[in-house]
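Take a look at the structure below.
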Amino acid sequence: MAKFDLKEKTLVIMKPDALQRNLLGEIIGRFERKGLKIVGMKMVKLSDVLLDKHYAHHKDKPFFVTLKRFMQSAPVVMMVLEGIEAVKVVRLIVGPTSGREADAGSIRGDLAISFQTNIVHASDSISTAKQEVKRFFKPSEIFDYKKMDFEFVYGEEERV
Ligand code: CMP
């Protein structure tokens, strides 16, 4: 059995503030430079039904209504990223929820100063990532292709 799951997937949503503040290229570039593989990407206006599902665990929180209004204020751009320990790696690059507490060097630490308008959403565990990828992407929207830098992004023992 392979030691590493090269195909671990996670969901990233670039929120309306990322789009409005012209940060999409900056954010995508950070994930690309890390070595993560983009296997799905699309722009959508999130529906009530999808947001109610996605934020079901926040439904009783005082910020739920404003969070939904914010998430529907403009389209979002969603990506499925792939790589060894992709969920953990992406969470590290993104930083904690509040932009005010995120370390410099992380996306939120460098680009956000808010709790709510915090630029990106990233799946918080492998099981959540599986649900979230399925919620937002059809199987036909996820691509399996050979990436030319693969042998330089990973060491030999990680590629088997
Ligand atoms: P996200 O990672 O998408 O998960 C839930 C979202 O709710 C979070 O990012 C923020 O956008 C928002 N959120 C979480 N906590 C608060 C809060 N205390 N006040 C306002 N918005 C919040």
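Cβ coordinates are placed from backbone N, Cα and C, and glycine is handled just like the others.
What TrEMBL annotates here:
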- 7-144: domain 'Nucleoside diphosphate kinase-like' (DOMAIN)
- LYS15, PHE63, ARG91, THR97, ARG108, ASN118: ATP binding site (BINDING)
- HIS121: active site, pros-phosphohistidine intermediate (ACT_SITE)
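Structure with TrEMBL features highlighted.
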residue	record	Cβ neighbours (10 Å)
LYS15	ATP binding site	24
PHE63	ATP binding site	12
ARG91	ATP binding site	17
THR97	ATP binding site	15
ARG108	ATP binding site	24
ASN118	ATP binding site	23
HIS121	active site, pros-phosphohistidine intermediate	19
Cβ under 6 Å from ligand 1: qualifying binding-site residues of LYS15, ARG91, ARG108: none
Helix-strand-coil residue split for the domain 'Nucleoside diphosphate kinase-like' (7-144), DSSP-based: 62 helix, 26 strand, 50 coil
Maximal Cα-Cα distance (Å) across residues annotated as binding ATP, namely LYS15, PHE63, ARG91, THR97, ARG108, ASN118: 22
PHE63 (ATP binding site) and the residue listed as 'active site, pros-phosphohistidine intermediate', Cα-Cα, nearest whole angstrom: 16
Predicted model, mean pLDDT over the domain 'Nucleoside diphosphate kinase-like' (7-144): 98
